[in-house]
Amino acid sequence: MGKSSKDKRDVYYRLAKEEGWRARSAFKLLQINEDFNLFEGVKKVVDLCAAPGSWSQVLSRKLRGESGQHDDVKIVAVDLQAMAPIPGVIQIQGDITKKSTAEEIINHFKGENADLVVCDGAPDVTGLHDIDEYIQAQLLLAALNITTHVLKKGGTFVAKIFRGKDVTLLYSQLKIFFPLVTVFKPRSSRNSSIEAFVVCQNYSPPDGYIPNMANPLLDHHYDVDFNQLEGPNRIIVPFLACGDLSGFDSDRTYPLQLAEGRAYEYHPPTQNPINPPYQAACQLRRDDLLVKPREGADYTAGASIHTVSHSDDPVNSQSVEDTVGLKEDKGKEASEELGALS
């Protein structure tokens, strides 16, 4: 499979590389802004779960401009993983569930709160929708909780959400803090994906609400309306499709030459991840050193290599076992070398 195959299958992936975005998700925020005008009058922004940084790139270009002359604009990006620097973006490598992270954000704003908080974070999906939806919901609630620490009254919160059967419970909790909650699906988000985004406007915490990292969003004194909701469809929120509906379709395959007179040119990714946790595994796979599970093999800790022969020839059986053992030895050496480099 050639390098251009993904450029054919995913037009937004190709456009992101051509325009210098770190990920195709940049177009999602751009299309959201087209409908909601998120950036008007915004000076202080927090990007939660920011890596690899495409949303931070959008914020920097839109709020600071290509010249980067707007020194009054402050953009803070937070993620557990390290991220390559972005002009005009302050980076915090921290945990969004810790109060110290919220305090560090406020310190960068010189004691003031943010006008806008965005979060494009999502778990590594398993393909089991119930599990994926649950983990994403917990991540969203963690993002909402730190948002109550750093967002000013009247501010806006934008976050990714997985629309599952219990998504109305999340809408209900968001409505406790934001009177206006809208769900949208950007044009660049695949129709086959369960992801959508919520735009929560006019942050209005309940009277007497005190943000608390130790017991987030669980004090029933503040969610009387939530507890009184009944029926299978507890909350109905507006749903919008964002972006130019005549534009590129994220589920369609396009030819490499998108316009006449414009020859296709392959572009490498704008920025590779810094020390990703999967780096060693990818290198082993490229070198054909990963040992694939085999029927009858014992992979418990400390177990010796055991090969089930698919041949009556003992010579062939032995050669297979030797080859597997060689791969495991080389794989171990490669893993140790990569670990030393990272």
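All residue numbers here begin at 1 and follow the chain in the order shown.
Keep in mind that glycine also has a Cβ here, set from the backbone N, Cα and C atoms.
Curation does not apply to TrEMBL; its annotations are automatic.
Look at TrEMBL and you will find Lys160 tagged as active site, proton acceptor. Sequence annotations record features per position, and here TrEMBL assigns S-adenosyl-L-methionine binding site to Gly53, Trp55, Asp79, Asp95, Asp120. Marked as compositional bias 'Basic and acidic residues' by TrEMBL: 324-335. According to TrEMBL, the domain 'Ribosomal RNA methyltransferase FtsJ' annotation covers 21-203. The region 'Disordered' annotation in TrEMBL covers 302-342.
Mapped onto this structure are the features recorded in TrEMBL.
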residue : record                               : DSSP (3 states)
Gly53   : S-adenosyl-L-methionine binding site : coil
Asp79   : S-adenosyl-L-methionine binding site : strand
Asp95   : S-adenosyl-L-methionine binding site : coil
Asp120  : S-adenosyl-L-methionine binding site : coil
Lys160  : active site, proton acceptor         : strand
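Using Cα positions, the member of the binding-site residues Trp55, Asp95, Asp120 nearest to the residue listed as 'active site, proton acceptor' is identified as Asp120.
Cβ neighbour count within 10 Å across all protein chains ranks Asp120 highest among the binding-site residues Asp95, Asp120. Mean predicted confidence for the domain 'Ribosomal RNA methyltransferase FtsJ' (21-203): the pLDDT average there is 92. Applying an 8 A CB threshold to same-chain residues 6+ apart, the list for Gly53 (S-adenosyl-L-methionine binding site) reads Arg22, Ala23, Ala77, Met83, Ala84, Ile86, Val89, Gln271.
Spanning the listed S-adenosyl-L-methionine site, residues Gly53, Trp55, Asp79, Asp95, Asp120 have a farthest Cα to Cα distance of 18 Å. Non-local contacts of Trp55 (S-adenosyl-L-methionine binding site) by the CB criterion (under 8 A, 6+ apart in sequence, same chain) comprise Ser25, Ala26, Leu29, Asp47, Val118, Asp120.
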